[in-house]
Amino acid sequence: MKTAIATVSISGDLAEKLAAIASAGFDGIEIFENDFLAFDGTPAEVGRMVQDHGLEISLFQPFRDFEGMPEPQRSRTFDRAERKFDLMEELGTDLMLVCSNVSPFSLGGIDRAAADFHALGERAAKRGLRVGYEALAWGRHISDHRDAWEIVRRADHPNVGLILDSFHTLARKIDVNSIRAIPGNRIFFVQLADAPMIDMDLLYWSRHFRNMPGEGDLPVADFMRAVSATGYDGPLSLEIFNDQFRGGSPKAISIDGHRSLLYLADQVRRAEPASSFHVPEMPDRVAVSGIEFVEFAADEREAEDLGAMLHTLGFKRTGRHISKDLALWQQGDIKLVINTEREGFAHSSYLVHGTSVCDIGLKVEDAAATVTRARALGAEPFEQPVGPGELKIPAIRGVGGGIMHFIDAKTELANVWDIEFLSMADMQGPADCGLTAIDHMGQTMRHEEMLTWLLFYNSIFATHKTPMVDVVDPAGLVRSQAIENDSGTLRITLNGAENRRTFAGHFIAENFGSAVQHMAFATNDIFATASALIQNGFKPLIISPNYYDDLDARFGLDDDMLERLRTGHILYDRDEDGEYFQLYSPSYGEGFFFEIIERRGGYKGYGAPNAQFRIAAQKRFMRPMGMPKV
Ligand SMILES: O=C(O)c1ccc(O)c(O)c1
Ligand SMILES: [Mg+2]
């Protein structure tokens with residue numbers, strides 16, 4: 001499989017774009033004419049630059065408003081084509097993309113267009129060049145790949161073929177199975193893009209909101225399955241017009257793009273084993289059966305504060321590491337580690353971010369295979385020297401440079417706690433508060449990073465995204481989207497802050513980057529947990545009484561329940577399937593906090609309607625600590 005990306009997809013000048021594209025592992029580029037026109041160098045120099053990066057120019061585009069023109073425009077478009085053929089020869093590419101005509105002068109008629117393409121094919125053939133025809137979703141006469149294919153078929157010229165673009169086909173909801181009947185060798189090129197489902201004008205949607213396959217809502221994998229069934233084995237090329245990507249990091253966007261193609265190809269290989277499509281093998285998406293542990297990096301003094309907070313939450317200190325300064329805290333199935341080592345990864349994480357989560361351990365079926373898949377998709381492996389008596393636990397880098405370790409039951413990794421930790425009886429341990437598991441973790445990041453991590457999680461793990469919700473912070477919007485598996489054993493919320501005055505934005509700024517901002521523990525009885533917490537000296541986040549008056553108006557709760565919520569500072573939500581109860585700790589440091597939740601029935605969400613009131617309460621609490629007043 002060859003991969004390519006259109007130069008419009010990323011930011012920078014041509015030289016920056018090429019460097020980023022090459023280092024992400026692409027084989028080729030689509031040169032967008034404007035990127036060439038803006039470049040101060042000859043076509044031959046561009047061709048050499050591309051070659052020097054180990055890339056090829058897979059395609060030159062776009063050639064607009066060609067087919068079906070009346071005279072005198074028709075003669076002029078052929079002259080224009082010859083000029084662009086000259087340019088292509090100098091650049092060193094043999095394929096031109098002709099997109100369907102949008103000119104008001106253009107005349108319809110399949111045969112007229114086919115005759116024009118036949119004539120263009122003759123001219124291209126003289127120079128050893130080829131032309132491909134793409135139906136733009138908003139083309140004046142041709143806006144459907146089935147019509148474009150009929151024109152190519154009737155043009156009946158070996159140098160004229162079809163170009164498919166998933167966006168144009170899927171945006172118009174054209175049945176992708178119509179692609180299966182097209183001979184693969186008549187498809188000259190395939191462009192791929194996804195997009196979030198937004199009801200808007202097709203052209204505007206296409207030019208501003210496309211994103212990488214797997215980042216949006218379009219069935220790009222179904223499209224690609226149909227393409228693979230044709231026997232097409234040419235490049236898969238990303239053509240992503242996206243306002244955010246145009247201003248983003250060319251390197252990061254290129255890496256995401258390359259990952260998206262590998263992930264897509266892997267899905268297609270599994271779904272269409274008979275296709276001739278040649279793609280690298282990798283283990284399947286990884287099922288996660290739970291969060292094995294979460295590790296905090298801290299110094300000794302802050303470890304004491306954090307330990308005191310855990311104590312009030314009902315955690316007991318149950319173990320210490322055989323040779324390192326690592327303390328294990330447990331309650332129910334939850335394992336938390338506080339790492340106060342003076343060297344190694346956790347220590348460097350502490351130096352950069354202060355006390356924060358530096359490592360997340362996930363339970364998987366095969367830890368080594370998990371890292372194999374992650375690496376195949378371009379994730380960064382993580383290793384550090386293993387001390388005597390310690391296990392080598394497979395790991396990769398995750399959000400904000402943090403580590404994700406993988407633990408499986410098929411190897412000795414399952415016994416890591418017995419092997420590496422000495423158990424200690426915490427005699428003065430607090431009363432258990434009924435916390436059973438980690439329900440979810442919230443990772444806070446810049447808004448622009450959300451698609452990166454969405455793709456990271458969903459390509460490596462058997463997870464899916466939930467719809468994006470807007471959370472209103474008094475200082476701006478925070479967007480929140482959950483990544484979860486079907487069984488609910490892995491739930492991660494990605495929270496994207498648009499500015500640093502929000503509670504989430506403040507956390508990123510002070511923490512020097514993206515990280516876990518909160519952990520939510522599950523209980524089976526929120527009221528019993530709430531009183532046990534109070535017994536332990538826990539002080540819940542104080543919620544405004546106004547919230548409870550509104551709750552009563554919205555849900556008509558009985559008086560007793562409402563009173564218990566109010567006195568316990570417990571937030572409440574309900575959906576078709578069940579109920580949700582939330583209780584918060586005050587925030588710690590620059591905005592880290594704990595949450596305790598109970599899900600009753602099949603409640604699916606995360607209490608988004610309550611987030612605004614929770615944030616307001618947290619900001620009231622933080623103000624004396626230097627949070628800008630908003
Ligand atoms: O938006 C456009 O004009 C445009 C141009 C070329 C393409 O390949 C495309 O998909 C869209
Ligand atoms: Mg296109």
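Cβ from N, Cα, C; glycine included.
TrEMBL: automatically predicted annotations, no manual curation.
Secondary structure at GLU239 (divalent metal cation binding site), taken from DSSP and collapsed to helix, strand or coil, is coil. Per TrEMBL, divalent metal cation binding site is recorded for GLU134, ASP165, GLN191, GLU239.
Look at TrEMBL and you will find 290-409 (among others) tagged as domain 'VOC'.
As annotated by TrEMBL, domain 'VOC' applies to 437-586 (among others).
The Cβ of HIS518 (Mg(2+) binding site) has MET441, GLY442, PHE592, PHE593, PHE594, GLU595 as same-chain neighbours under 8 Å, each 6 or more residues away in sequence. As annotated by TrEMBL, Mg(2+) binding site applies to HIS440, HIS518, GLU595.
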Close-lying binding-site residues around ligand 2 among ASP165, GLU239, HIS440, HIS518, where CB distance stays under 6 Å: ASP165, GLU239
Binding-site residues close to ligand 1 - of ASP165, HIS440, GLU595, only those whose C-beta is under 6 Å away: ASP165
Cα-to-Cα gap, HIS440 (Mg(2+) binding site) vs GLN191 (divalent metal cation binding site), nearest whole Å: 37
Secondary-structure category, per DSSP, in which GLU134 (divalent metal cation binding site) falls: strand
Residues flanking the Mg(2+) site, with Cβ no more than 8 Å from the Cβ centroid of HIS440, HIS518, GLU595 and excluding those residues themselves: ASP439, MET441, GLY442, THR493, MET519, ALA520, PHE521, PHE593, PHE594, ILE597, TYR606
Across the domain 'VOC' (437-586), average pLDDT on the 0 to 100 scale: 94
